[in-house]
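For reference, the structure is listed below as structure tokens.
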Amino acid sequence: MEHAYSRLLLLFSVVALCLGNHSVRCELTYDYYEESCPHLYTIVQQHVFAAMRAEMRMGASLLRLHFHDCFVNGCDGSILLDGSDGEKFAQPNLNSVRGYEVIDAIKADLESVCPEVVSCADIVALAASYGVLFSGGPYWDVLMGRKDGLVANQSGADNGLPVPFEPIDSIIQKFNAVGLNTTDVVVLSGAHTIGRARCALFSNRLSNFSTTDSVDPTLDASLADSLQSLCAGGDGNQTTDLDVSSADVFDNNYYQNLLAEKGLLSSDQGLFSSPEGIANTKDLVQAYSDDGEQFFYDFVWSTIKMGSIPLTGSDGEIRKNCRVVN
């Protein structure tokens with residue numbers, strides 16, 4: 001009964017969003033593949049579970065793949081396209097975004113049981129949800145019915161995706177540009193409760209930080225020492241946990257870390273400690289650090305909003321191979 005009530009609340013919220021925002025793709029439904037591909041959920045579950053059993057981090061990677069897809073051209077699977085001008089080779093994605101092989105394997109199985117039915121974009125969205133669930137996070141019914149885009153947008157990825165070095169105001173503006181608000185910034189940043197990051201993304205905080213500070217003063221001193229040891233002499237590709245408290249568990253420890261100045265990325269700690277964060281996001285960080293259930297509920301809602309970012313331009317197709325257009 002509780003699950004049904006929560007689902008009903010989310011459904012009403014999506015309907016309200018559709019009525020009030022023409023940019024949302026309101027043709028998405030919960031039962032889109034109920035008759036055309038009833039094995040979809042079992043196949044995606046099995047592949048994501050197996051991938052995470054081999055490497056728990058893959059849950060975070062699949063969630064990030066969905067995020068980086070939706071922010072460029074809408075949630076259209078364009079990040080999956082191969083080619084030197086593809087989004088996967090944009091600066092925020094290169095040597096960073098992962099999980100392509102998992103999507104390929106899911107697509108191959110689906111093509112054998114319901115060929116040319118399930119879009120790659122929907123596979124990415126559903127795989128991300130299971131990545132969260134199998135990490136201990138909330139369950140939600142994923143809205144389906146996306147189409148696959150016909151072109152990638154490398155420049156859009158280079159310019160539109162938030163990056164860890166940006167001030168919070170700039171990140172908020174990039175979220176606003178795709179129909180997401182400041183609450184969504186804080187909520188979706190909470191995805192960093194799972195996963196890892198490369199030294200190249202936070203080493204700017206460890207030395208020559210400013211004219212007055214060698215190390216970022218909003219970074220816990222003991223954490224800074226351990227990160228300096230990790231990254232010293234490397235090529236920037238060494239990785240460490242985004243959440244120092246519970247790296248593989250989807251929970252609200254991410255926000256509690258920010259209160260203790262243990263956010264790994266500048267864009268994480270900035271939500272609580274930067275002047276822009278103090279003005280716009282600090283109160284939300286405090287709220288989610290106190291209330292994990294509220295974080296779970298808001299995360300589901302923000303992810304549904306993000307997953308409904310519309311395609312731009314063509315209506316798209318159902319790709320047979322997620323890496324190339326038909």
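Every residue, even glycine, has its Cβ placed from backbone N, Cα and C.
Annotation comment: TrEMBL describes 1-26 as signal peptide.
Look at TrEMBL and you will find 27-326 tagged as domain 'Plant heme peroxidase family profile'.
Per TrEMBL, disulfide bond is recorded for C37-C114 (among others). Here the Cβ of C37 (disulfide bond) has 18 other Cβ atoms within 10 Å, regardless of which shown protein chain they belong to.
If you look up TrEMBL, you'll see C70-C75 (among others) marked as disulfide bond. Long-range C-beta contacts of C70 (disulfide bond), restricted to its own chain and to partners at least six residues apart, with a cutoff below 8 Å, comprise V178, M306, G307, I309.
On its own chain, C322 (disulfide bond) has G77, L80, Y100, I103, D104, K107, C120, I123, D148 as residues at least 6 apart in sequence with a Cβ closer than 8 Å to its own Cβ. The disulfide bond feature in TrEMBL is assigned to C120-C322 (among others).
The number of other CB atoms found within 10 A of the CB of H192 (heme b binding site), across every protein chain shown, is 25. The heme b binding site annotation in TrEMBL covers H192.
Here the Cβ of T193 (Ca(2+) 2 binding site) has 29 other Cβ atoms within 10 Å, regardless of which shown protein chain they belong to. Residues or ranges marked as Ca(2+) 2 binding site by TrEMBL: T193, D243, D251.
The disulfide bond annotation in TrEMBL covers C199-C231 (among others).
The Ca(2+) 2 site, placed at the center of the C-beta atoms of T193, D243, D251, has further neighbours from the same chain whose C-beta lies within 8 angstroms: G190, H192, I194, S245, S246, A247, V249, F250, N252, N253, Y254.
Cβ-based crowding with a 10 Å cutoff singles out D243 as the top-ranked of the binding-site residues D243, D251. In the structure as shown, the Cβ atom of C75 (disulfide bond) sits within 10 Å of 30 other Cβ atoms. Take the CB of C231 (disulfide bond) and look out to 10 A: across all protein chains shown you find 20 other CB atoms. Residue with the densest Cβ environment among the disulfide-bonded residues C114, C120, C199: C120, by other Cβ atoms within 10 Å. The two recorded residues, C231 (disulfide bond) and H192 (heme b binding site), have Cα atoms 20 Å apart. In space, H192 is the closest of the recorded positions C37, C75, C114, H192 to D243 (Ca(2+) 2 binding site), judged by Cα positions.
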